[in-house]
């Protein structure tokens, strides 16, 4: 069976099974994305005005957070130079005003929870319960129609669509600076499309958890059979203690209720927070991450040389990646889903073709989102079937076949199963925002639907 045939078969199988899922809890980060498509002349002018030498300093090493315009522009350059995504908290009010005046090209649903809620609930039709730190009218308006709910406790637990929530709280805006592959600024050229995110938000970056989610969490959790947890990445050494304590308690509740929980990584600047997140892995069933996130976790596990090997090539060297994933799975999870440009991998303690098929479905969802900008209905994924499989992933597959005896995307590594898929590549994507969340949530829920 060819890869194209496997893609088509996986799509049909998931289409028939995804309706079985009774409910997914999503916590914790939801916000509004203000997307700006970068223009060379505009960015270079701003760099000159801010002081080029100071800006370039931050293009070499990211600050922990943003308090000056130079740090903002330097962080954008950091992402452009490497073609890598990054996200930092913008603390300073003047920098926030600067970003607001710089403006945006479009407003969209943002935050990992918000993006996944619209995909799982609005497109796939799976009931979801979403944690929304601040339910403003603008935030609520960005949720799609469908079985998307937030909990209220006026007369016992009641689930309502965010647009039916009584009240109007604050807007949490994240400014996203997108650039295409080949984007040129100063003497830098972006090796691939990506973005830098500046979070002008006093809630999500410190992992604000709503009172009802702290006091009545078990009641909310009982309405779900799966959970996806994200949003820990913006915490710092100063802010992590109380939120991590609450998250740990929530994960224990989910584990006691036998709810399979997926923890989605994102770029985490603070080393102490990375260490704390690593300490949560024994409480979750599954983890999702990309090459930058894997390397950053391996660094705190004293595996710096391995981390460097993972980042040395594009696409990431699969032998180094699998070596890194094997170290990470020893922290106690059942499943690790790795996604990078060109291919996805899953290392699992259990076996079955459904793991590979879930990766294929998620790659189809990612290609469709890249091609269309947004997925509006499940049938849109048929268009993704026409996107060609990337040369890079097929080349990596030859290495994986040789090194790990993989056939039809499935093999063994030690006591674990390895599933591999080369991904479909959209040469000129409309947007990269939310593609990682699309990949991880689609793979997790579709794998569960195929196995149940």
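Every residue gets a Cβ built from N, Cα and C, even glycine.
Going by Swiss-Prot, these are the annotated features:
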| type | residues | note |
| --- | --- | --- |
| DOMAIN | 1-452 | domain 'ADPK' |
| BINDING | 33, 87, 111, 112, 174, 437 | D-glucose binding site |
| BINDING | 264, 293, 437 | Mg(2+) binding site |
| BINDING | 290, 339, 340, 426, 436 | ADP binding site |
| ACT_SITE | 437 | active site, proton acceptor |
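In three-state terms derived from DSSP, residue 111 (D-glucose binding site) belongs to neither a helical nor a strand segment and is classed as coil. Counting Cβ atoms from all protein chains shown, residue 426 (ADP binding site) has 21 others lying within 10 Å of its own Cβ.
Cβ neighbour density within 10 Å is lowest for 87 among the binding-site residues 33, 87, 264, 293, 437. Shown in sequence order, 31, 32, 33, 34, 87, 110, 111, 197, 198, 199, 200, 201, 204 are the residues of the chain, 6+ apart in sequence, with a C-beta less than 8 angstroms from the C-beta of residue 174 (D-glucose binding site).
Comparing the binding-site residues 111, 436 by how many other C-beta atoms lie within 10 angstroms of each C-beta, the top residue is 111.
Residues within less than 8 Å, Cβ to Cβ, of residue 290 (ADP binding site) and separated from it by at least 6 positions along the same chain comprise 265, 338, 339, 340, 436. Taking the Cα of residue 437 (D-glucose binding site) as the reference point, the closest of the binding-site residues 264, 293, 426 is 264. Under the three-state DSSP scheme, residue 436 (ADP binding site) falls in the helix class. Between the listed binding-site residues, namely 112, 340, the fewest other CB atoms within 10 angstroms of a CB are found at 340. On the backbone, the CA of residue 112 (D-glucose binding site) and the CA of residue 426 (ADP binding site) stand 22 Å apart. For residue 339 (ADP binding site), the Cβ neighbour count at a 10 Å cut-off comes to 26, with all displayed protein chains included.
Each residue contributes its Cα atom, and for residue 426 (ADP binding site) and residue 293 (Mg(2+) binding site) those atoms are 23 Å apart.
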